[in-house]
Amino acid sequence: MAGSLTHHSSPNPGYSTNNAVPVPVITQTESRDKWSKKMDFLLSVIGFAVDLGNVWRFPYICYQNGGGAFLIPYILMAIFGGVPLFYMELALGQFHRTGAISIWKHICPIFKGIGYAICIIALYVSFYYNTIIAWALFYFYSSFSSILPWTNCDNVWNTPDCTNYFGMDNITWTNASRSPAEEFYTRNVLEIHKSSGLRDVGGVRWQLMLCLFLIFTIVYFSLWKGVKTSGKVVWVTATLPYIVLFILLIRGATLPGAWRGVVFYLKPQWGKLLETSVWVDAAAQIFFSLGPGFGVLLALSSYNSFTNNCYRDAIVTSLVNCLTSFVSGFVIFTVLGYMAEMRQVEVEDVARDKGPSLLFITYPEAIANMMGSTFFAIIFFVMMITLGLDSTFGGLEAIITAVLDEYPDQFYHRRELFVLCLVVVCFLGSLSTLTNGGAYVVKLLEEFGVGSSIIAVGFLEAIAVSWFYGIHRFSNDVQAMLGKAPGLFWKVCWVAISPAFLAVRDTLNTQRFSRNVSAVADKDMRESSLQDQKTASAVAFKVEESRQFSAPSVD
């Protein structure tokens, strides 16, 4: 197979016994693609790791878990859990030069199922993640108007509860009040009011289907030729979000009340550090943000040269990812402070929205009432689209590389056709998320399709490499590539700390999720005795409110 080890007759296949330190004998065939430039690889990794979750999830998790105090568990979890796993995957992919399935032939064949699990999880993610990008594209199209459609309550989709408080006096905001931006999102984009839940999701929204078709068209022509094309596309999709973030940060800092949002974002609550949930959330945020376990890092690094400094790449890209999350918090909370000033309420009352609602309701609402609203709306949704596309490129490339490396005779010379079939499958699998109740399906896939499953995969991968393949052998592999063996810190993290980090996180996450499902089920079962029995069988999957969807996990 292209890029695999050439086994010579020695006690340790693939190694020479002439030296005290084993040195692998590698044959890099010309048939396997390579990155045209080092920056193509770095931008691809950064583009995958820095996604929509950095913008919507980190700021919310940060203020919810103690503000500035949250940075302590976040940094510790990054140092001892996230970065070591990130480094390990980059090194594995670069050394073995193969995808997430066939790599286990060289590590421990009994764990080959991990590779197939990674591909299945990546498919689940593609079924809902690209729908969120389609929502952003819908907003992008709607932004080409002198008056943004979510500015006022004079549209056909608005209800009597619609309350526009910007630029108006003596407006009373009640619990029943809904902003124009919220009704635009729930009643025009999603049309979720036409669905009663998972049992009745309604018909497919053709507008969203068209948006999704355009998204997958871009994805196909970015991936069909391999890293030669995707490595060029990321020069736009991975760099443009930083330009937009900088523009939005400057604009947000000049808004009245911005300082209130920043204080709320960073004000430390030291007592929170004694709560277990804070440390669990820090572990989850860093794991899903950096993205080990998704097979993407294995795939992308497999196209590197054998002597590439993957250690430096891991440190640089991890720092960029974490700093992006931190800066995104200022972009979000300066605007939330502005909204609190306009509503004449506390920032906490404005910052209750999380997940997609933060990006599709709260932020657009603030933009709509700024000077130059059309311009800021356009660049904001361009940023969201490009952030999402980068992660989609990485997720699908993980599947493509894994399958092509595992079945080279069938697919290696038919990459364009295989990518087309994969994109069609992902498009068809996404149709249920384009219905009136599609947001419920997105929540379902996010909770049950990724969540604990990807953490379990990451845990098994860390155990397989550190304990079955062997930490000494893996360290020798790294030394063969970099000329220097990993230090004691990395070995301890790979053998003990990082697997424990994943095991504890998965256990606590499962327990908390089970409690939440049971609580919702009990509540709805009590209500079902007073209401129609038809909702009782779907209670465990309902979302509290249509505007409170949590962020999808991929990062």
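In case you wondered, yes, glycine gets a Cβ from its N, Cα and C as well.
The region 'Disordered' annotation in TrEMBL covers 1-21.
Marked as transmembrane segment by TrEMBL: 41-59 (among others).
If you look up TrEMBL, you'll see GLY47, VAL50, ASN54, SER289, ASN321, LEU387, ASP390, SER391 marked as Na(+) 1 binding site.
Per TrEMBL, Na(+) 2 binding site is recorded for ALA49.
Positions annotated as transmembrane segment by TrEMBL: 71-92 (among others). Within its own chain, the transmembrane segment (71-92) has Cβ neighbours under 8 Å at 45, 62, 65, 103, 107, 273, 278-279, 282-283, 285-287, 289-293, 297-298, 301, 310-311, 313-315, 317-318, 322, 326, 458, 461-462, 465, 474, 477-478, 481, 490, 493-494, 497-498, 501-502, counting only residues six or more beyond its boundaries.
When Cβ-Cβ distances below 8 Å are used as the criterion, the transmembrane segment (113-141) is approached by residues 52, 99-104, 189-190, 207-208, 211-212, 214-216, 219, 293-295, 356, 359-360, 364, 377-378, 381-382, 384-385, 388-389, 391-392, 395-396, 398-399, 402-403, 406, 425-426, 429-430, 432-434, 438, 441-442, 445-446, 449-450, 453-454, 457, 460-461, 464, 552-554 of the same chain, each at least six residues removed from its ends. Under the heading transmembrane segment, TrEMBL lists 113-141 (among others).
The transmembrane segment annotation in TrEMBL covers 204-223 (among others).
Marked as transmembrane segment by TrEMBL: 235-259 (among others). Here the transmembrane segment (235-259) has long-range neighbours at 39-40, 43-44, 46-47, 50, 324, 327-328, 330-331, 334-335, 337-342, 370, 376, 379-380, 382-383, 386-387, 389-390, 393, meaning same-chain residues at least 6 beyond its ends whose C-beta is under 8 angstroms from one of its own.
The transmembrane segment annotation in TrEMBL covers 279-303 (among others).
Residues or ranges marked as transmembrane segment by TrEMBL: 315-340 (among others). For the transmembrane segment (315-340), same-chain residues at least 6 beyond its ends with a Cβ under 8 Å from one of its own Cβ atoms are 42, 45-46, 49-50, 54-56, 58-59, 62-63, 71, 74-75, 78, 82-83, 86-87, 242, 245, 248-249, 252-253, 255-265, 285-286, 289-290, 346-347, 349-351, 358, 362-363, 365-367.
Through the fold, the transmembrane segment (366-389) approaches residues 50-52, 54-55, 129-130, 132-133, 136-137, 139-140, 143-146, 148, 150-151, 166-167, 180-181, 215, 218-219, 222, 236-238, 240-241, 244-245, 247-248, 251, 255, 335-336, 338-339, 342, 359 of its own chain, all at least 6 residues removed from its boundaries and within a Cβ separation under 8 Å. Marked as transmembrane segment by TrEMBL: 366-389 (among others).
The transmembrane segment annotation in TrEMBL covers 417-442 (among others). Sequence-distant neighbours of the transmembrane segment (417-442) (same chain, 6+ residues past either end, Cβ-Cβ under 8 Å): 123, 126-128, 130-132, 134, 190-198, 200-205, 208-209, 212-213, 216, 219-220, 223-224, 396, 399-400, 403-404, 411, 541-543, 546, 549, 552.
The transmembrane segment annotation in TrEMBL covers 448-471 (among others).
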Starting from the Cβ of ALA49 (Na(+) 2 binding site), draw a 10 Å sphere and report how many other Cβ atoms land inside it.
28
Proximity of the transmembrane segment (41-59) to the transmembrane segment (448-471), 3+ C-beta pairs under 8 angstroms:
no
Same chain, outside the transmembrane segment (279-303) by at least 6, Cβ under 8 Å from its Cβ: which residues?
3, 32-35, 41, 44-45, 48-49, 53-54, 57-58, 61, 64-65, 70, 73-74, 76-78, 81-83, 85-86, 88-94, 96-100, 103, 115, 118-119, 121-122, 125, 227, 310, 313, 318, 321-322, 325, 394-395, 397-402, 405, 454-455, 457-458, 461, 501-502, 504-505, 508-509, 512, 553-555
Positions on the same chain near the transmembrane segment (448-471), where near means CB under 8 A and six or more residues out:
85, 88-89, 92, 104, 107-108, 110-111, 114, 117-118, 121, 124-125, 127-128, 287-288, 292-294, 491, 494-495, 498-499, 502-503, 505-506, 509-510, 513, 552-554
Round to a whole number and give the Cα-to-Cα distance in Å for the pair SER289 (Na(+) 1 binding site) and ALA49 (Na(+) 2 binding site).
6
Could you give the Cα-Cα distance between ASP390 (Na(+) 1 binding site) and ALA49 (Na(+) 2 binding site), in whole Å?
9
Please give me the CB contact count at 10 A for ASN321 (Na(+) 1 binding site), counting all chains in the structure.
27
Taking VAL50, LEU387 as the binding-site residues to compare, which has the smallest set of other Cβ atoms within 10 Å?
LEU387
